[in-house]
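Enquirer: Below are the features listed in TrEMBL for this protein:
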type	residues	note
REGION	57-128	region 'Disordered'
COMPBIAS	75-112	compositional bias 'Low complexity'
COMPBIAS	113-127	compositional bias 'Polar residues'
DOMAIN	124-190	domain 'DUF1899'
REPEAT	249-291	repeat 'WD'
REPEAT	292-324	repeat 'WD'
């Protein structure tokens, strides 16, 4: 697509960084949603985001962070959806009217760029294709990378992304004793010194870690000792070793698998553990608020719905479960999950009406399954086999374009599919191939995208 226009279909208003409600109000039934912010350069709020992805003068920046291999660099990748190569100055783009869109109103969600009769007749033969099938991945210039990362821990379980990033900084588990975590500022790219950098001393091996979406300085870390520690990063980043957490959450009796912050309410965190429970924590009080029951085996993955009302889990007993924590600690629905027991991940898609699960079949083929969230017992609407590989596919979903990105630890390929609510459900896009295997896979917030480069993730 042309870089002269602001493409509102790729960049609708996205979720801001202010929580919609508090934990107490959410438990009381408050369903307010997070306020939306515009990505249009002329209407973008100022002073709320300070990443080099925006501040740097190089226009080709943005995107997702991936953990490289031989040079061990956290690089930001570009996902441009490009047609034509026109470029415009930032000032000319900022002065565009809000009505500028890239596609005509007649173009449906899966109709591609077809316009001429011959294209339409070809499409009727070949079937629907994705609007984003020409998406391109790009590794940014080395000036934007963090290199010379030493002693990374590659033993985080398959349920974890391996590391985590927000708009300002990235947290990386290290191999050193005591569960050390390096916290690096994205605003200070370049080669790290050979000497040791200041770290967080977690006190137990790191299983999973996550940044608070409403507080870029708060990091939650789940340890093998069944405790969750909350760390507050000083303004400007780590300058000395942190040894005292802000709070420690105790309640699980065995090793924790994964932790996720609530997408709408502040001070709410959910965790799953080997003790086969899912616990919701109220961080302002520093205690457990609810323990969800009903699992009979290891919990592979869990995810909040986009509106924050429901929680979905997939577990080793080949079951997919849906909870409404404010109504009952027991599952509201159950359905058949992936057949394989090697691992699975899930993510909500299509506005929270569907759930996409990445897992394995009985012959260890990696596949993705799509479920209607209101009808889990009916089983998957669609199943798509991808390839045979040992690592679980980590999914990331861009709600604005309905494109899902999937890769596994040790993979060099990122699969891209547009997910649609009607058959054939999965529309294949160009995949992206890296020169080095990924060790982790995380996307930055949408606000980090360079809209002038038609960069949508």
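Even glycines carry a Cβ here, placed using N, Cα and C.
For each feature listed, report its degree of burial, its nearest neighbours and the pertinent distances within the displayed model.
Expert: Secondary structure of the domain 'DUF1899' (124-190), assigned with DSSP and counted as helix (H, G, I), strand (E, B) and coil, comes to 6 helix, 24 strand, 37 coil.
In the predicted model, residues of the repeat 'WD' (249-291) average a pLDDT of 95.
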Enquirer: For the repeat 'WD' (249-291), give me same-chain residues lying six or more residues beyond its boundaries with a C-beta closer than 8 angstroms to one of its C-beta atoms, as numbers and ranges.
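Expert: Cβ under 8 Å, 6 or more out: 15, 19-27, 30, 32-34, 157, 159-160, 207-215, 220, 222-230, 297-304, 306-308, 311, 313, 323, 325, 329.
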Enquirer: Looking only at the repeat 'WD' (292-324), how are its residues distributed among DSSP helix, strand and coil?
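Expert: The breakdown for the repeat 'WD' (292-324) reads 0 helix, 17 strand, 16 coil.
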